[in-house]
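> Quick one: the structure is below, questions incoming.
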Amino acid sequence: MAVLQLATAEVCDANPHLILSGELRALHPIFQIYGRRQVFSGPVVTLKVFEDNVLVREFLEEKGYGRVLVVDGGGSMRCAILGGNPVQQAQNNGWAGIVVNGCIRDVDEINGCDIGVRALASHPMKANKKGIGEKHAAINVAGTRICDGEWLYADTDGILVSRTELTV
């Protein structure tokens, strides 16, 4: 799936009506940029977990079809819920990107992958393996409500979420 890469600043400038209506939202600028793909976009798949990465790994083992996995990890800074092996698998399975409201680890390995990754920080400790969480649920990340099936656009200026796919 070839997705047109839109510059987030230009999207905001061209669509003030979508911003006012809430159809286009910007996430608070709290994320660090990881991975070789600094610009990415695609339909959103949501996941809510806390200090547990079993469901994260399960999603990334599936074919991505150019989608973006958005993980609400509760903003935990106590362990990493994403590491190098699942990111490598996500790259190989065709995911466009991963946004984590939490921590990652294996940063050097992730930075070698051709995929976009955003996370709050890195942390050396691994997550629990209980498999607890909610798939495809509406989540609140970085001041923004995000629903499964919406579209995410990320570049070095920030991250936007839109109810529908945007065109130029």
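For all residues, glycine too, the Cβ spot is worked out from N, Cα and C.
Take a look at what TrEMBL says about it:
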BINDING   G83, G84, N85, P86, R105  substrate binding site
BINDING   D106  Mg(2+) binding site
> Cα-Cα, whole number of Å: G84 (substrate binding site) versus the residue listed as 'Mg(2+) binding site'?
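For G84 (substrate binding site) versus the residue listed as 'Mg(2+) binding site', the Cα atoms are 5 Å apart.
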> The residue listed as 'Mg(2+) binding site': which of the binding-site residues G83, N85, P86 is the nearest Cα neighbour?
G83
> Identify which of the binding-site residues G83, G84, P86 has its Cβ surrounded by the largest number of other Cβ atoms within 10 Å, counting every protein chain shown.
P86
> Excluding G83, G84, N85, P86, R105 themselves, which residues in that chain have a Cβ inside 8 Å of the centre of the Cβ atoms defining the substrate site?
A80, L82, V87, Q88, I104, D106, E109, I110
> Provide the number of Cβ atoms within 10 Å of the Cβ of R105 (substrate binding site), excluding the reference atom itself.
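Step by step: centre on the Cβ of R105 (substrate binding site), count other Cβ atoms within 10 Å, giving 20.
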